[in-house]
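Working notes for the structure below.
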């Protein structure tokens, strides 16, 4: 998916100081519809994720490792959606669709940081579910408050560190030709396509880091769930198996949607790359997935439902 560069840069060309985000569609009849649709989705994303964080903070019964991770995930979802969606909404209604060079680099960095953090965080959550089901007696020791904090901190450090490398590698390049990004946010492939520098090294580094990070996270998830499956099958009672599976079902669904989209997006061969297809998939994981996660984790979660009812009874009734 990452393309090689343009060869030797033209030193006499004027360096780009801002970019133009072409967006999802140039059809003016669709702009208002898309604005209304994405505004609704973004509002639901903020309400769902910030509401989940507040609920976990308020209700002491949710002060467990599982919900500590979920609260962190909600923060990450709200953050990486907010790094892209507000600018996209503005561009849908504004004639000026420009973004400054530094603004593009900032968006690129924070989106990559939170996206990478989510990748690692979902892997840590899979390990948490494994620890809870494989050995419930040792679970408080294996997932103490200190260990949970270290795992979440490591996820953030890995996500932000990875994004810092990508941002430095991308924005050290020269952009001296067209400044029109065929996307609704600053993403790697369209930026490398615009560069008049040799992007061969960028392609190698980005593919190596992306592949390692995604594959390592996926392996942690797969190994954790394989151990979980073995533990569930060994349980003597059907009720115990059902209860154990129900605690993992929502996370498994979220993991499948997220990593399935990321694997399709970033690890498919260059020959199958299509910018229009890329935009559609990008909408799904930048806008839709952050909205879905609070719904996935709360709809069939008895603890969350109970906490919501308790708060409604205490503060509304």
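Keep in mind that glycine also has a Cβ here, set from the backbone N, Cα and C atoms.
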Are residue 226 and residue 301, as annotated in Swiss-Prot, on matching sides of the membrane?
yes
Between the candidate ranges 12-32, 33-53, where does Swiss-Prot place the transmembrane segment annotation?
33-53
Please average pLDDT over the topological domain 'Extracellular' (83-106) for the predicted structure.
93
Summarise the topological domain 'Extracellular' (162-203) by DSSP state, stating how many residues are helix, strand and coil.
21 helix, 2 strand, 19 coil
State which of the following disulfide-bonded residues has the fewest other Cβ atoms within 10 Å around its Cβ: 104, 196.
196
Thinking of Cβ pairs under 8 Å, which stretch from 107-127, 141-161, 279-299 has the most of them with the transmembrane segment (204-224)?
107-127
